[in-house]
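As given in TrEMBL:
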TRANSMEM  12-30  transmembrane segment
TRANSMEM  42-59  transmembrane segment
TRANSMEM  65-90  transmembrane segment
TRANSMEM  155-175  transmembrane segment
TRANSMEM  240-261  transmembrane segment
TRANSMEM  273-294  transmembrane segment
Amino acid sequence: MTSPLPVLLSRFFGYLSLGSWSVVFVPQIIKNRRHHEAGGLSAGLLFLLCLGDVANMLGSILQGVLYTTVLISIYHILFDVVVIGQWAYYEWFYTPYRKQAGPGPTSGENTPLLTEQPHQGAVTTAIANENEEELEDTQSTDTSEVTNPSPVRELVRTLGIVAILAGLCMLLALYNEGYLTSHPGLRFTTSPDTKATNEGQVPNPLAQFFAWSSVALYLASRVPQIVLNYRKKSCDGLSLSMFVLTVVGNGTFFASIMVYSQQPQYLIINLPWILNSSGTVLLDVIIMGQFYAYHEKTAKDAAAAACCEPTSARDV
């Protein structure tokens with residue numbers, strides 16, 4: 001026996017939300033590890049997110065709405081600890097060691113060969129230095145392209161992964177709801193509990209307090225990151241994929257709630273989670289817009305510098 005269409009859609013969106021949330025921090029963790037720094041992340045974002053996850057977990061447990069919410073909150077708390085640990089290590093411990101180490105031995109004012117060479121040697125050295133500068137400029141451009149890829153390419157690549165994940169989630173939902181077999185498969189609770197849709201259920205005041213607290217913390221967490229990006233005029237060190245997956249996770253979680261039931265009491269009980277999902281999507285879209293705007297500005301500045309540099313070099 002198959003389930004009604006709203007239940008099928010709710011489970012599909014729930015699976016996709018769970019899949020997105022399960023890997024949302026992985027791109028940022030990998031980026032921090034590769035570049036040995038986490039300065040692009042705002043400390044306010046990290047700590048407010050962690051507090052929001054704790055409040056969200058407590059509110060979900062006390063209200064008994066979505067098991068998915070509880071599992072995701074616990075999962076996120078674990079990843080919050082990992083990312084905060086990375087940030088603390090690279091900002092407080094790794095960076096001082098790197099500064100103390102300093103650059104390796106290079107030619108400088110203590111190198112005697114430049115002043116002792118005849119005129120021909122000086123010319124040769126000047127040509128070699130010019131070639132080295134050109135090579136460094138090329139390497140710098142290549143490194144910048146690798147460490148800060150085009151937002152459009154990264155967005156398309158991430159959405160391609162999401163599309164594959166969505167197909168798998170739809171197959172899982174169809175199978176578990178009996179559309180692909182004569183009897184339903186193993187049920188994963190990713191849609192609202194039936195008790196949460198009962199008209200007679202009374203909101204738990206303590207649960208609602210934690211739920212609304214999590215909404216405030218989640219919404220406030222984006223503000224320090226937006227401000228930091230604006231001040232730096234850059235999103236260097238941030239993973240665009242993390243914010244894309246966050247938007248997908250919040251958007252599909254919102255959809256899983258809305259398609260399941262439109263009963264007034266059910267919507268009132270789930271109102272904190274509804275506002276949280278929709279509100280954070282808007283703020284995350286702003287951050288995604290910063291990726292594009294600041295990448296374009298950096299590209300234009302680099303192009304302008306490249307055009308002016310040969311002229312100034314010839315004038316000298």
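Any Cβ shown, glycine's included, is placed from N, Cα and C.
Against the transmembrane segment (240-261), stretch 12-30 shows more Cβ pairs under 8 Å than any other of 12-30, 42-59, 65-90, 155-175, 273-294.
Of the candidate ranges 12-30, 65-90, 155-175, 273-294, 65-90 contributes the most Cβ pairs within a distance under 8 Å of the transmembrane segment (42-59). Stretch with the most C-beta contacts under 8 angstroms to the transmembrane segment (155-175), considering only 12-30, 65-90, 273-294: 12-30.
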